[in-house]
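**Q** The structure under discussion is supplied below as structure tokens; questions concerning it will follow.
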């Protein structure tokens, strides 16, 4: 048998970084999905094949502890393989536990539309889709919230306790999410015509979070800026409830400036943000940890995407509307 | 007889826009000066000649009310001439009043190293130097504070009551200034190796100030951001007293981000700020009203200036160290 599940990536409409200090944040699922196809094997081995987990595809086959399994035959750097395999390993482990099938083996194929390391939640989407597909393959159908919770456990383990519940909850549930501490809820929202620009780089989230922490401890006005972002998010929730996309865009612009004040923007991010605005977007901001990576704009027309595609610092520009649906079997 | 006085332009180290709401700001005089040469005439006419008041030079000669004086023979647009002549007119009027010589006539030559409309205080410098030169030419030597005060009256009149005391005080007194409302004082400061980038455009200060006002009235967190800038300025005063240039640079970076949050940065300003930082500056921010115009960086080396000169959006990049001396006779 074969089971394919998919789950969406995400952008932050508002509130990244401030969420670390108890302020609310609003991640949104986007119509860029990771597809994970799982076939139960006769044995207990795990074979993982991916065309898109990184720039080059790779295939890894091993059984049990991969550190003891010799060098996999792959054409990507070992750290990337280790990182990716850590997620797949732990996701399969969650599926085995959920289905009470501790020795189940799988062929796993990952096919993701979400650039890896772009701050668009690719790992969460792979984990969410992987748990869903593997449990279904074992005859167990989990509630989306349980998939979210198990996917969070995976990220928590793989990321050494540094994970947020937001990414996995958003990918599993879809739509617009409000996260505050460990508390995640979905919000009513209008259609959100997201456009994304990606500069082709990835940055160390831990370092960026630590940088904000140090700045916040040194300067009281940086702590106040974190609070200001929280207030902005609360205003944004009202705009979401009103379906007021124009105000959402203006708040995104301000949120980007306040994130710049926290020191987490970057040359390429600012260039992409201005390209999107000049292209006619209602607003634009960096999304995720910052430094480099991705920006998100709101634009129902084609101007922002065109402007981004003409921006030298933008490696990929694409539309990715709000995804109403989270994890699903295909 | 002929008298030449010069006065420096300025940059804002910290606090523009927030100063409108009672927060302190810190303008600094820079080693880019406006030179005004004045010769008393036999008659009461006023003849103004400038090589640098705008991109093209112009010469205007008239007597009394220039609206009744026919069309001046100039090769620049009338609004620019009117604006420039308004300042010179009013400066001469102040000199006449200070010297109790209501019918004195002058040949005035303006030679400025400060780009016009770049947000670098060119008009204040011309007015300050003009008042100083014209009063000296009439045998009166004013204290720099009185020059500052009379120059402020000029800007207040010409700018329809919208002038700040900061520009004229800073140009007349030189050095690093703390302005809070109408209260201006000079601060002790280390050498400040400013580098300036100018994008060749000028923007409407009144519109930008009005935009911040509207945003601040609509969103409480924008008011909080204004307050955060004030707190940043107060921290910057301590760094100035400590001679801590590295901290000044970091505060400039944060100040730029908070100004972005107020909606007053722009594509070219962000591009120049990043060029300066990537070139090795201790910090960089927009200076003045924003939208477009100039950025200021701190860099004792040559990296920021080089990086700016290679930036397509930067029309002019130059070093302009802190000017300790304000208005002076040459």
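Just so it is clear, glycine is given a Cβ too, placed from its N, Cα and C backbone atoms.
TrEMBL lists B:5-39 with the feature domain 'Galactokinase N-terminal'. What TrEMBL records for B:87-175 is domain 'GHMP kinase N-terminal'. The ATP binding site annotation in TrEMBL covers B:115, B:116, B:117, B:118, B:119, B:120, B:121, B:122, B:123, B:124, B:125. The active site, proton acceptor feature in TrEMBL is assigned to B:167. TrEMBL lists B:238-299 with the feature domain 'GHMP kinase C-terminal'.
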**Q** Within 8 Å of the Cβ centre of B:115, B:116, B:117, B:118, B:119, B:120, B:121, B:122, B:123, B:124, B:125, which other residues of the chain have their Cβ, at the recorded ATP site?
**A** B:9, B:114
**Q** How many of the residues that make up the domain 'GHMP kinase N-terminal' (B:87-175) does DSSP mark as helix, as strand and as coil?
**A** 52 helix, 7 strand, 30 coil
**Q** In Å, rounded, how far does the Cα of residue B:117 (ATP binding site) sit from the Cα of the residue listed as 'active site, proton acceptor'?
**A** 13
**Q** So which one is it: of the binding-site residues B:115, B:119, which has the fewest other Cβ atoms within 10 Å?
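**A** Comparing Cβ neighbour counts within 10 Å for the binding-site residues B:115, B:119 gives B:115.
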**Q** Do you know which of the binding-site residues B:117, B:121 has the most other C-beta atoms within 10 angstroms of its C-beta?
**A** B:121
**Q** Could you work out which of the recorded positions (B:125, B:167) has its C-beta surrounded by the smallest number of other C-beta atoms within 10 A?
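**A** Comparing Cβ neighbours within 10 Å for the recorded positions B:125, B:167, B:167 has the fewest.
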**Q** What does the DSSP secondary structure composition of the domain 'Galactokinase N-terminal' (B:5-39) look like, as residue counts for helix, strand and coil?
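**A** Across the domain 'Galactokinase N-terminal' (B:5-39), the residues distribute as 4 helix, 25 strand, 6 coil.
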**Q** Long-range neighbours only, meaning 6 or more apart in sequence with Cβ under 8 Å: which ones does residue B:123 (ATP binding site) have?
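**A** Non-local contacts for residue B:123 (ATP binding site): B:87, B:116, B:155, B:158, B:167.
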**Q** Across the domain 'GHMP kinase N-terminal' (B:87-175), what does the pLDDT come to on average, as a whole number?
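**A** Value for the domain 'GHMP kinase N-terminal' (B:87-175), mean pLDDT as a whole number: 93.
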**Q** Count up the helix, strand and coil residues in the domain 'GHMP kinase C-terminal' (B:238-299) according to DSSP, in that order.
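**A** Summed over the domain 'GHMP kinase C-terminal' (B:238-299), the classes give 34 helix, 10 strand, 18 coil.
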